[in-house]
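Colleague: Pulled from TrEMBL, these are the listed features:
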DOMAIN    B:284-451  domain 'DNA primase large subunit C-terminal'
BINDING   B:Cys293, B:Cys372, B:Cys388, B:Cys428  [4Fe-4S] cluster binding site
Amino acid sequence: MVGQYDENLLSDMLPIYYAKLFPQNVFCRWLSCGNYPQPLGNRELSFTLSDDVYLRYLSINNQKELQTLFQKKCPYKLDIGAVYNTKPSIGRHDSIILARELVFDIDLTDYDEVRTCCKEAKVCGKCWKFMVIACEIIHTALRDDFGFQNILWVFSGRRGIHCWVSDHEARTLDSPGRSAIADYMCLITGGENQNKKVNLGNDNLHSSIRRAINIIEKYFKELLEDQEFLSTTERLSTFLKIIPDETLRHQIEKVLDKMPTSSLQRWESFVDIYNNYCKENVTAIRKMKHLIEEIMIQYCYPRLDINVTKGFNHLLKSPFSIHPKTGKVSIVFKPEFARDIKLDEVPTIYTLLDDASPENAQHQTNMRTAVKNFQEVVFSLEKTEALRRKKYGGNSMEF
Amino acid sequence: MDFNIRRKSTRTAISGSLIETYPHDLQMYKVPPTENITLQEFENLALERLTLLRTLATATTLKGLRLYSDEFTDFILSELKNNGLKYYVKLCEKSGCGSLETDLQARRKDHIAHFILRLAYCRTEDLRRWFITRELELFRMRFITMKAEALDAFFKINNLYYTNISDEEKSDIIINLRESTQHQNIEHMKFYKVKFYEVLDLVRSRKVFIKGGYAYIPHKDFISVLTAQYRTHLRQSLAIASQHLKEIEQDERIVCLLKGLHQSYSGNDYSDSKVVVPIESLDSLSLKSFPLCMRQLHEQLRLAHHLKHGGRLQYGLFLKGIGVTLEDSLRFWREEFTKIMEIDKFEKQYAYNVRYNYGKEGSKKNYSPFNCLKIINNNVGPGECHGCPFRHSDSSNLKNKLKGYGFEPQGISDVVDMAKKGHYQIACSKYFDLVHGTSIGLGINHPNQFYEESQKLQKGDIKIEPKKEVKNHSTKVEQTDLEDIDFDENLIKI
Ligand code: SF4
Ligand SMILES: [Zn+2]
């Protein structure tokens, strides 16, 4: 359905979208809050124009300037950068980054070695479930472990999700802090030449990992069926390579090979064989105590682009920016409803601006919901900020 | 961080206040020293701490010892003892809060030396990283070995007040603590709540339970909090120091010294050489590549066919360091000595010493050539001509000697001036430039380093055969490259 719209129409439609539908007011309030105590003007915005020209170090002082800039440049894509000590500009080499939301970027292309329904830019309801799991695991960790409250979840416009943490503590976190959080969340490591990408050691599982496993378990059967992780010879052989113990591997191979192709059944047999094997081989369990969990994580745990999280000045697509290829709006969603997102119900600029489109009504509603979700996060952020400033008396605690 | 360097010590701090300044063996170096010290002490303290830091680096990278293991600590302590750094042994073995004069003096030296090295190591990001990594290792090691009763004092002195969580709170999360803490038997431990960013190393490696932005740590893990604070503090201080270098470096003597420090000798002990130097080339080498202390020993030996014990030791070990084999060495000494004595006497009285130097007699220790520090601080008695000529010669003698070598007057007076002021190693550096017609301003800390730098400059000038077999199994790897190794300070773990 993307194909039925003409990308060339974008340059005519974008000014209307920005003027009428883009939540400019909330957007500016969100950034202002995230900038505090620096003025809004110290935040870097960047535009990608129709001809792929990339404009960095733009900035706005208020909503009016944003509207003017939108109309003048008509960006195909809008990105948000960091907060500087001055108005950002290319020429200034003395500018220092003072703050930046803690961000996470999860993209389905990083799942290509496990997802079987789609590849690369493609995405469907089946593989969206990976995003649902990712969202739940990361959100829970940010909220429960790190105590963050102002967490914004945004659909990236095509095949992934972004997360923005605006709590003061997160915004002003230094880079060792960011990278420690990224490492804390990152369980899958290793490249093409490593088959087993998760190693949880032999001690107790850390509380956060156990919690993540519980979340994955809720979806695991579904995913086994959807993705058929073990159903073809090829997938089975990829799976077998993860198993470190040769004897066990051969046992499993023998059994699974002769079984019906159902991944769920094969998985259950694998678990049985593993458990029996460990009962008989006390030494084996020491080497692969958490093998089941490790494999589940390898197949389902969030695959973060940790460099985005670690970096301070990585530009990230703004909420409500349009994806130039799909025309889809980067909607804000509530993490608890991530499951309910239907990709073809995500509003596009074409359907929103075309009264005659059959999806128009539905998309209008979804757009309104998305804006409302955005508002809720921003209002709550404003509240926490006000409290915090009151508590610490103006700007005495700042930078 | 201003060091006022005076020739004569005009120390303002007196012991009475030392106990207030230095109440504890373990310091976090928050306040820079303010007293005046002599340049000589400045140099010594710097080199001694460098020895300590390089020993730490050696322990992990060359010896492959696990950080903070017993073997690690033992190695450090024994190296410190070997280098005669008693006050560091004292500070590293069991930190406490004694108040003896020796305690206070050790802390004072520790304090000043730390700040001097900041100046030497703030120059580039690589140096800063190396320095921070080493200082953090040192800090952790000392914290771990601290006496139990000194621990509370340490927290008090550094205003680290934390209250442990209630038993109720603990029992609510006991399962999580058990799962997520890296220690056994946590039931009996008190737990403390700190912000997660105070223990990033534990967060990163998932070795701590975190909830609502707080990390729950037992007392043992406080070292993570402290090292994190200390690391941040060091990072910032080094950044500031690097911005103020210009002001500090208005004194040329300090520039020379500081620049030399980080590239200088102190860790490499030159006890094994990679090349073989034939004794036939020693005459020409002594002109072109020997530091003055060795050149004068060589000349003395040729002239008098004899050297006293101190000279034989200093020169013999140096020769070993540049690559003279034991066989050659024996031949070399024999040829000279037998010009004035019977071969029998030589074999009975002197050959033993030569073999001893090579670790073939006595304790069979592979002795290292002396560094400048040791040579400069050596006692040189009547009739002896070892030691450092810049320290152990009268100005007029030194001047005459240099004149005799045919150097131009301006260069000679530069060298002699530095020596007169007590900057022996800087004088040595100027001598180096005089010999080579350069103006490098090398920081000299070891005669063998002088030699090697010289050889690098004149590569190809002399015949050097690659060594055929490695004789000593305790071969030392070249350590001058240590600081090029990429140490990641983030990898520090208990
Ligand atoms: S400073 Fe060192 S190398 Fe130079 S003469 Fe003295 S001892 Fe020898
Ligand atoms: Zn799919």
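The backbone N, Cα and C atoms fix where each Cβ goes, glycine too.
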Colleague: Cβ within 8 Å of the [4Fe-4S] cluster site centroid (B:Cys293, B:Cys372, B:Cys388, B:Cys428 excluded): which residues?
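Modeller: The answer, listed by sequence position, is B:Pro291, B:Leu292, B:Ile375, B:Ile376, B:Pro389, B:Phe390, B:Arg391, B:Tyr424, B:Gln425, B:Ile444, B:Pro447, B:Phe450.
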Colleague: Can you check which residues sit near B:Cys388 ([4Fe-4S] cluster binding site), meaning Cβ under 8 Å from its Cβ, same chain, 6 or more apart in sequence, and list them in order?
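Modeller: Within the chain, B:Cys388 ([4Fe-4S] cluster binding site) has Cβ neighbours under 8 Å at B:Leu292, B:Cys293, B:Cys372, B:Ile375, B:Ile376, B:Asn378, B:Tyr424, B:Cys428.
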Colleague: For B:Cys388 ([4Fe-4S] cluster binding site), what is the secondary structure state per DSSP, taken as helix, strand or coil?
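Modeller: SS state of B:Cys388 ([4Fe-4S] cluster binding site) = coil.
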Colleague: Specify the secondary structure state of B:Cys428 ([4Fe-4S] cluster binding site) as given by DSSP, simplified to three classes.
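Modeller: For B:Cys428 ([4Fe-4S] cluster binding site) - judged by DSSP and reduced to three states - the answer is helix.
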Colleague: Would you mind pulling the DSSP three-state label for B:Cys372 ([4Fe-4S] cluster binding site)?
Modeller: helix
Colleague: State the mean pLDDT for the domain 'DNA primase large subunit C-terminal' (B:284-451).
Modeller: 87
